[in-house]
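Participant: Okay, handing you the structure first.
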């Protein structure tokens, strides 16, 4: 039997972390053009991009690796790597041209200070760099957006132009008392006159530019930019409505214009990261006349428009606006030539039996269409696993491509000419890279997957999914008969199960979910001898829209009781050590952790909370998501809303700060000083309240970290401190 790492051995825990943190994560994949060999065979290259933690450099490194896939048109004959991995430094975005003969790369270079960094747009062809444009020196716009909310890098169908999104060039500003430099080369008559630089606006040095919140702090006014590759000329497109911010753009059929998503930014911007409910619509701007046309319903929220291979139709995801941040979405289809919009897949109120429970992905892959432009492939959470699906856009029929396969979760990276590139993982298996052809309509369940990169299972981890039904007194009257699930990881064959401690992890959001995929922290804790319980309480995504809608107005109550019920059920059935149960959660998971130690103080011996929501009322005026505070408390949100005393009272009543007098569990707080989502003063408020009551508490403040605490230095330090906290308060 494999030896478990004991709680009393932090050095071994550090060594274990060093080993498991080397597991890389897939971030992107693209398929090269189809090549015919001299013998008539067909093959394609698969270019993959990965990220990996580097503890020596304390950063996430990026690298690429290529593979060859030989096929006969509808099945893979042979597949394997074509060389070793190579680190890619400075690449922000890259995109193959439609023919596959060229590649565009957005690269940063220069100093480590942000003001010294320059951005270059490169065009590569075969074995040479064909063009390189210093975008920073050209001064047509500000920094290019490389994020997946607004950012894009799109080739025109003619492969002569590149489309991207950048920050609008800001006017120069100066003090009212700015001294002008004199031109010493001028004539005597000109000596007394100052030089004439670009006209600067006096007194605008400190004008506030509102940004898009968490992880988007430097992004305020995006503009659409077009680079003419031959001439090097850059144009900032006119015609975009003044009240929207453009992004996720691509070329319209025939290169006649540009299609983009426009997000409303009036009267002010709300945080957009992790929020699919921001009011937005699909637009088309004509390049010849600059006329802009609205293509979708302007009262909703949309994202991920994707043009079909035949350039006739566009699919996109559509959500209700200013409601819960993430919900079940519609898949909509816009016909370019008839101008008709239809709903292909509608919102699913609740899952019936083993049927489809709805679409919950926040983005469609850039490549998601079948070769015949009839079907769309995507991944989505279905209860506590993530599967791949194909939907027929004509009939709306949905078929799972992976439900009949191994337990675990899938992610679609791309599909092109029906060749799919996907990732598969489980809680005990790091990500594997697989390829397979999309079968003909009606036979979608018969995909034959071939591994390009197979990961080794992590021994010593046993996992499963528990279905839980709330007791009658905890039913939601409006949304009755909802169940929920929890994923349980536990050490394989422990010497004495009654001595196994348990860490309970509720997820954040609250409208997100855990799926049966690889996660570093739960795997690490399980290897150290803990059972780990990941709870998808009612309100989680993947269980139908009714489950999501059951939670707003009931936070701090329904979700808390669901987690506690799951804990009690698992302790009763598995006989783990009930005296050694700990909580670990971030954001809304931290909110629940702090609630649980206040409402059920006898159950938990330690608590670790990362950037937790502590006081909804005090967070309302400082967060980038004030709508969250209103909606989750149970009130409608509008940009002009002013909470009254009743609203403030409800916010306090649903906050963990209410239960401070009952708390006796030792608490470790981990806060990111740059967190715009749940400002670190939330955790400070809890810290001071606990200190005043002599409850054991420790606070770690990471000065350069934001809400996710995902930087390598913060993540590694927070994990080791969590291990030490568990060792101290649970014992070995």
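Each residue, glycine too, has its Cβ placed from N, Cα and C.
Here's the feature list from Swiss-Prot:
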{"type": "ACT_SITE", "residues": "587", "note": "active site, charge relay system"}
{"type": "ACT_SITE", "residues": "675", "note": "active site, charge relay system"}
{"type": "ACT_SITE", "residues": "707", "note": "active site, charge relay system"}
{"type": "MOD_RES", "residues": "1", "note": "N-acetylmethionine"}
{"type": "MOD_RES", "residues": "1", "note": "blocked amino end (Met)"}
{"type": "MOD_RES", "residues": "185", "note": "phosphoserine"}
{"type": "MOD_RES", "residues": "187", "note": "phosphoserine"}
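Let's see these features in context: how buried, what's close, how far.
Facilitator: Counted within 10 Å of its Cβ, the other Cβ atoms near residue 587 (active site, charge relay system) come to 23, all protein chains included.
Remark: residue 675 (active site, charge relay system) has 214, 611, 705, 706, 707 as non-local neighbours, by Cβ distance under 8 Å and separation of at least 6 in sequence.
In this structure, residue 707 (active site, charge relay system) belongs to neither helix nor strand by DSSP; it is coil.
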Participant: CB neighbours of residue 707 (active site, charge relay system) within 10 A?
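Facilitator: Around the Cβ of residue 707 (active site, charge relay system), 26 other Cβ atoms lie within 10 Å.
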Participant: What does DSSP say about residue 587 (active site, charge relay system): helix, strand or coil?
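Facilitator: In three-state terms, residue 587 (active site, charge relay system) counts as coil.
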Participant: Need the DSSP three-state call for residue 675 (active site, charge relay system) to compare against my parser.
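Facilitator: SS state of residue 675 (active site, charge relay system) = coil.
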